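According to Swiss-Prot, the features are:
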type     : residues                        : note
BINDING  : G46, E47, S48, R103, I131, R132 : L-glutamine binding site
ACT_SITE : C77                             : active site, nucleophile
ACT_SITE : H167                            : active site, charge relay system
ACT_SITE : E169                            : active site, charge relay system
Amino acid sequence: MVIGILGVQGAVREHQEMLHLLGVKTMIVKSSADLDGIDGLIFPGGESTTIRRLIDRYGLLDVLRRQADTLPMFGTCAGMILLASELTEGPSHLGAIPMTVRRNAFGRQIDSFETSLNVEGAGQDIEAVFIRAPFVEQVGEGVRVLAAIGIAAVVVETDLHLACSFHPELTSDRRLHDYFIQKIRRRTAVSV
């Protein structure tokens, strides 16, 4: 198995290290050719506007939108914003997950926090680092909420994709990455 990590900006190295600890090969994706032969793709946390500009500069937007129909994707923090079909302010990016996301929903940088979450299917007390984090205000058809803080959904999935508001790659807790790996394996087993 090879999982790609969008390598234009953000916590790329941290995701790569997490996947290596789980025994998974990685590919840093900076061009459409880098998408060949990967089994899944992670959109790391970072600054969503900057990531979008770089996606456009590298000519990746259209190919990523097409890949979103068949390639499992996992978005963390800014990656969740990129995968959303709708944002409360501004245009959407990839539209891979039918959900409405609010950027910086928990406040500014100074309001960043850490907590533990119970994530359905992935485990109890999962470490979660929230930095200028978004949350999901509304989910569409086929989207399951796996964890929430109050009424704010912070981990969601579809049959194909996974997204979270926080940075699991900035902790030592590998369970959310492992959940994504198992999601890919289940999909691969079904399609064989």
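Cβ atoms here come from the backbone N, Cα and C positions, even for glycine.
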Alpha-carbon distance [the residue listed as 'active site, nucleophile'; R103 (L-glutamine binding site)] in Å: 9
Rounded inter-Cα distance in Å - C77 (active site, nucleophile), S48 (L-glutamine binding site): 9
Most Cβ neighbours inside 10 Å, all chains, among the recorded positions C77, I131: C77
Cβ packing number for R103 (L-glutamine binding site), 10 Å threshold: 18
Residues satisfying Cβ distance under 8 Å from E47 (L-glutamine binding site), sequence separation of at least 6: Q9, G10, A78
Neighbourhood of G46 (L-glutamine binding site), C-beta criterion under 8 angstroms, separation at least six: Q9, G10, A11, C77, A78
Which same-chain residues, if any, lie at least 6 apart from E169 (active site, charge relay system) yet have Cβ under 8 Å of it: A11, E14, H15, E17, M18, P44, G45, T76, H177
Span of G46, E47, S48, R103, I131, R132 around L-glutamine - largest C-alpha separation, Å: 13
Among S48, R132, H167, the one of these recorded positions whose Cβ has the fewest neighbouring Cβ atoms within 10 Å: R132
Env. residues of L-glutamine site, Cβ within 8 Å of mean position of G46, E47, S48, R103, I131, R132 Cβ: G45, C77, A78, I81, N104, A133, P134
